[in-house]
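Taken straight from Swiss-Prot:
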- Gly629, Pro630, Asn631, Met632, Gly633, Gly634, Lys635, Ser636: ATP binding site (BINDING)
Amino acid sequence: MAGKSTPMMEQYLALKAEASAGGDDCLLFYRMGDFFELFFEDAKVASGILDIALTARGKDSGEPVPMCGVPVHSAEGYLARLIKAGQRVAIAEQVETPEEAKARARREGKPVSKVLVKRDIVRFVTAGTLTEEALLEPRRANVLAAVCEVRGTLGIAHCDISTGRMELEECAPDAMDAALARLGASEVVAPENWDGAPADATLRPPSEFASDEGEARLKAIHDVATLDGFGDFSRAMLAAAGGLIGYLDHAGRGTLPFLLPPVVARGEAKLAMDAATRSSLEILVSQQDARSGSLIAAVDRCVTGAGARQLAEDLAAPLTEREPIERRLALVHFFHADPLLRADLREVMRAVPDLARALGRIVAGRGSPRDLGQIRDGLAEARRIRDYLASKPDRPALLDDLLPAMGGHGALVDHLQRALVPAPPTAREQGGYIAAGFDAALDELRDVSGNARRAIAALETRYRGETGIERLKIKHNGVLGYFIEVPAKHADALMAPDSGFTHRQTMAGAVRFNSLQLHEEASRISEAGGRALAAEEAHFEELVATVGDAREAIARTADALARIDVAAGLAERAAEGDWCKPAITDERVLDIVGGRHPVVEAALKQAGDRFVPNDCTLSGSDRLWLIGGPNMGGKSTFLRQNALIVLLAQAGSYVPASTATIGLVDRLFSRVGASDNLARGRSTFMVEMVETAAILAQASDRSFVILDEVGRGTSTYDGLALAWAVVEAVHETIQCRCLFATHYHELARLAETCDSLSLHHVRAREWKGDLVLLHELAEGPADRSYGLAVAKLAGVPAPVVKRARSVLEKLEKGREETGGLAAGLGELPLFAAALEERPEKIGDSMREKLAALDIDALSPREALDLLYALKTEASQTED
């Protein structure tokens with residue numbers, strides 16, 4: 001920047017340079033009184049995102065300096081929008097008052113009039129470091145992850161600083177994308193010199209990712225001499241932990257958030273799914289990047305935010321071991337079997353505040369009296385819930401394991417109940433949150449203040465009588481304090497030297513005064529109020545410390561409540577949808593009777609329609625189903641619904657089916673649908689091949705694979721050849737359970753050579769080009785794809801469909817005669833000629849159909865289908 005700057009602007013530029021040191025690209029919120037101001041390019045960026053006015057302040061090099069600002073009291077909402085837009089924000093606060101700045105100037109012998117209040121960056125606000133309630137989604141965890149590679153092993157450390165949970169894990173470098181997709185991290189941190197860093201990672205100095213540094217930091221945080229009591233951590237895990245804690249230290253400017261002792265995340269005990277599978281199955285977000293339309297939206301019946309976050313974690317990382325799955329299922333069954341118990345419990349749970357996040361804010365030094373009140377109320381409700389559930393017979397083992405964590409806080413709850421008012425405020429600056437009777441000295445100070453206020457009210461009455469001014473009032477504001485206000489027309493009476501009043505301020509329609517008595521009472525209020533605020537602040541710090549001492553026990557209580565909420569919510573969902581408890585087995589089977597797609601079924605139900613259930617039975621002797629049939633017939637839905645049923649079962653949930661036996665799956669793969677990844681130069685076909693290659697390389701005989709339309713997007717013969725080879729590889733080499741949907745009828749010949757492959761199709765009917773989709777799965781190969789009928793159903797003009805039918809007939813004739821698809825095309829008339837249609841005699845056609853019918857042989861369903869087809873044909877005739 002050229003040209004002379006004001007001291008304020010020099011301070012701003014110095015802070016901006018500090019905020020941007022190390023390559024950090026962030027906006028600077030610069031505190032000026034009651035506003036956070038932004039200047040230069042920051043102002044342009046923020047004003048565009050926030051849709052606020054862009055103004056100017058002063059000049060730089062002869063040009064106005066762009067500026068915008070947001071009020072401090074509502075800054076959280078603006079911060080949330082900036083973070084959602086992908087920005088990072090440095091907060092520069094005033095770290096001294098104007099009075100302290102003036103006193104400093106006097107000590108330094110500098111002019112008081114030119115002194116500048118000190119400001120410093122107190123915090124960096126980023127997507128992964130949020131703790132404020134207004135900035136977080138109640139039903140979604142906010143995960144920060146750090147990744148690095150140590151001697152060929154990838155270390156991952158991740159935490160949610162709003163709750164303090166921290167886990168360390170390791171995996172092969174090529175599994176990084178799948179691991180990060182499972183975590184759904186809001187922000188990822190990586191060493192800046194690492195070629196393997198994720199493209200969108202926040203890069204940090206490599207020195208922070210040293211295993212020795214990570215070990216030392218963890219020991220210091222938890223005040224232990226060894227980490228052996230927490231788990232067996234590898235060097236890669238500790239290196240990632242060092243990077244994570246180093247970034248948190250940087251973001252908090254030396255103040256670390258609340259972190260629970262780290263635990264080892266056992267990746268091998270979780271159902272492995274890559275990013276493509278998660279996207280395809282729409283587990284936590286839909287293809288439109290929204291919660292609506294996702295699996296969790298269809299399943300979530302939790303009544304607390306903590307429960308919803310736990311459910312999301314369960315769905316993102318289902319289990320692969322039978323015993324813990326069955327423990328979860330037993331807890332769901334306990335609540336499912338007793339509707340009255342479930343209803344009572346859920347009603348009580350609705351009153352449970354978010355203990356984990358309130359605790360996180362308190363321990364991080366950003367807590368409020370309201371957070372303390374939430375700790376008090378949450379622990380009290382936990383005690384009630386524990387006592388209620390403990391009185392029930394036949395409790396499952398998991399519930400008995402959870403109940404002890406929900407008690408033991410009696411002394412803390414009693415202390416908080418005595419100390420706090422029933423509904424503590426969010427802000428503590430005005431006081432009023434310590435309950436009467438908790439501190440006699442504080443009560444006395446409040447009495448002094450209250451007596452002075454009553455004296456001021458009496459003064460107002462007295463002054464009205466003495467002056468005869470009925471509209472005389474004693475008011476208060478933050479600038480003048482207490483003052484006497486009268487209408488301007490009565491001001492002369494109070495201006496007299498012997499009136500006892502002192503002029504303070506003249507307004508447009510009123511004049512303000514002071515008096516000796518008012519000054520004395522105001523001083524008493526101010527002095528007593530200041531001392532009362534100091535006393536409340538001291539009590540607040542003591543309460544925060546007391547809660548902090550119990551933080552690990554409170555966190556365990558929060559986890560137990562969340563787990564119970566998840567189980568009760570899943571039981572509620574099962575009761576709503578007539579879901580069944582799945583049987584879990586170690587055998588390589590998948591036996592689902594009456595299976596439904598949970599998301600599609602919910603959408604159809606909302607529209608007043610019904611989902612058609614289907615069975616799926618895979619075993620060692622019949623482990624690969626080849627499924628044909630028309631588009632829109634339900635093939636993709638059938639594939640996905642079975643994958644989701646497996647996922648739900650291994651997450652510990654009931655499933656949408658009449659009965660279900662689930663053989664444990666170690667890896668779940670879905671290659672259903674694709675979209676062009678133009679940003680990375682990948683076409684639909686390339687994406688399909690990359691995903692298929694990953695499946696062939698990573699699937700085991702215990703995996704479950706769903707594949708849809710492999711080979712589309714290239715020439716017919718290339719696609720058919722690829723699909724053929726993939727089916728053979730899955731059947732002969734991998735030997736896993738697999739559903740394979742295709743339009744290649746030629747693949748049906750594989751049933752002759754693949755002993756464990758069977759043919760299936762989705763049923764459909766066609767009458768004179770009108771397609772009726774039954775959405776039912778049947779055994780045997782599909783006789784045709786009904787592509788032209790689907791095209792007509794989609795609204796393709798009739799002449800085009802007719803032309804396509806002519807081309808199809810010639811193609812099929814050529815293949816029969818010469819084996820070549822293109823043979824016979826030369827006999828086709830020109831396209832324009834083919835479009836010249838003569839009106840079809842629909843009446844004759846309908847008579848022919850009716851004459852050929854064997855009415856006694858029609859089932860009720862077939863008769864109804866025929867009636868609809870004839871009605872459609874008649875409507876087209878009228879058009």
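Every residue, even glycine, has its Cβ placed from backbone N, Cα and C.
Source: prediction; values computed, not measured.
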Residue, out of the binding-site residues Gly629, Pro630, Gly633, whose Cβ gathers the largest set of other Cβ atoms within 10 Å: Gly629
Assigned conformation of Ser636 (ATP binding site) - DSSP reduced to three states: helix
Count of other CB atoms lying within 10 Å of the CB belonging to Met632 (ATP binding site): 18
DSSP three-state assignment for Gly629 (ATP binding site): coil
Other C-beta atoms that fall within 10 angstroms of the C-beta of Ser636 (ATP binding site): 19
Cβ-centroid neighbours of ATP site Gly629, Pro630, Asn631, Met632, Gly633, Gly634, Lys635, Ser636, 8 Å, sequence order: Ala741, Val762, Ala764, Leu773
